[in-house]
């Protein structure tokens, strides 16, 4: 129920958080503070003060919340404005990410099309350095506006200060920083990003490294994502997930040669700055965890379309999901000696 207001934002008591996450698991929050403007986010954080540890939640697409967080306060980001000025697109943190992509294309700007269909909010994209099909946020971000929870001050931070890496940034571990807005510098000529991902280039009938019509790229990306259960659909439990649960591990060249010698057939791999990047989904399946594992009737199981997605079949708890993740992680470690790392942010739980 709505109990009061704080900093101009509405406050509700005893709110289930599962519907606010794409995995659809989680606790009942003690209170939910919904901020529909950026100024309300600032005012709420300042009103709460530096000692408050309220969780900041927007799209809920890359987070796993423990069932046991029963005393949790949540700041829900519902600030959704998107503006375009020339080749610069600015999105408030609560804006639906795919709306950001659509807006960029509607203004004839290229660069975000490979990130089509990714669930979640604009503010989360720099935190994880979200990426797909050969493009990542680090390629196109211009700057981010951050709010310091300790001081209540906000400022714009340039890209280099965010220290982007593979599915990470300084923001992933800077718990005192809240993303308020993000700016992207896009291609005013309307060209797509280079087609670096072989599967996407093949779908478009194009050569890797070339560019294409960004609208056609978007449609191809959406089709590929849908085939893997990676486009949200309330009626499809394969999409009740956080997307890929594990990051693609990077190993040394020597480790890769040992792995390749120990298995039959080719080992999918990609060059990485500090070694060789492996396909986590391939490791999962070769370790004995096929699509749909452990089978019908399980509350949580691997997607029937994509072995790297851990899904809620309708009645799972966070504990069910974490138990499955541990089983898969341990199986890959036993089979290959490779440690898989969770991609989503785990809050109140761990593998």
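Residue numbering: from 1, along the chain as shown.
Cβ coordinates come from backbone N, Cα and C, glycine included.
Curation plays no part in TrEMBL annotations; they are all automatic predictions.
These numbers come from a predicted model, not from an experiment.
According to TrEMBL, the feature domain 'FAD-binding PCMH-type' maps to 25-189.
Per TrEMBL, active site is recorded for 167 (among others). Under the three-state DSSP scheme, residue 167 (active site) falls in the coil class. All protein chains included, residue 167 (active site) registers 18 other Cβ atoms within 10 Å of its own Cβ.
In sequence order, 280, 281, 306, 308, 309, 343 are the residues of the chain that are 6 or more apart from residue 244 (active site, proton donor) and have a CB within less than 8 Å of its CB. In the three-state DSSP reading, residue 244 (active site, proton donor) counts as strand. Positions annotated as active site, proton donor by TrEMBL: 244.
Look at TrEMBL and you will find 343 (among others) tagged as active site. There are 18 other CB atoms within 10 A of the CB of residue 343 (active site), with all protein chains counted.
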What is the pLDDT of the domain 'FAD-binding PCMH-type' (25-189) when averaged and given as a whole number?
96
